[in-house]
Amino acid sequence: MSELLNYVASCRLPTEWGVFTMHGFEEAGGQEHVALTVGDCSDGNPVLTRIHSECLTGDALFSKKCDCGPQLEAAMKAVQAEGRGIIVYLRQEGRGIGLINKIRAYHLQDQGMDTVEANVALGLPVDARDFRLAQSIYEYLGIRSVKLLTNNPEKIQTLKDAGINVVERIPLHVGENLENKRYLQTKADKLGHLMSE
């Protein structure tokens with residue numbers, strides 16, 4: 001399929017918000033990723049999409065430290081409402097540092113550091129994700145043009161650099177609470193996320 005990912009299998013995935021088709025992909029090193037699709041995404045028209053990085057704490061454990069779970073839920077609802085779209089779910093926990101390192105970083109955040117300071121203090125990258133994986137999935141599914149649900153300009157640029165036409169960026173401002181207010185501000189101030197529209 002591509003040098004980054006290989007397609008493995010697809011299945012029907014009924015959810016609280018509707019039925020998706022789940023497509024499984026695997027990196028050469030064994031890391032697995034999925035894409036959830038609704039409708040025909042390969043007809044050449046711009047496809048509503050979200051590139052979502054795995055967040056066990058937010059997506060599955062409902063942590064209020066981040067906005068990941070609410071973003072995933074909002075994206076799934078939006079794709080179902082549109083009747084056509086794709087959610088690329090990349091297994092890049094903790095902005096790519098892994099779950100255990102994320103727990104270590106959370107410990108430092110509990111002591112007063114922000115999300116960027118904690119990663120740096122641990123000698124870890126601030127963001128180690130590789131959004132080119134999404135481009136490989138789009139390529140396999142025949143997607144060349146997207147409407148991207150994101151606040152992260154790096155996702156937009158990576159797709160543009162890969163030849164994907166990003167016709168629209170749709171802000172995804174959900175899940176703010178007292179626990180994650182500083183985290184969201186840090187994403188805006190230090191990571192360039194577009195949090196004010």
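Including glycine, each Cβ sits where the backbone N, Cα and C put it.
For the Zn(2+) site, Swiss-Prot gives C66, C68; the one candidate out of C41, C55 that the record lists there too is C55. Per Swiss-Prot, the GTP site holds R50, I51, H52, S53, E54, Q71, E93, G94, R95, T150, K155; the candidate it also names there, chosen from T21, T115, is T115. The most crowded of the recorded positions listed here (R50, H52, R129) is R50, judged by how many other CB atoms sit within 10 Å of its own CB.
Each of S53, T57, G58, D59, S63, K65, D67, G69, Q71 belongs to the same chain as C55, C66, C68, is absent from that list, and has a C-beta within 8 angstroms of the C-beta centroid marking the Zn(2+) site. The two recorded residues C68 (Zn(2+) binding site) and E54 (GTP binding site) have their Cα atoms spaced 8 Å from each other.
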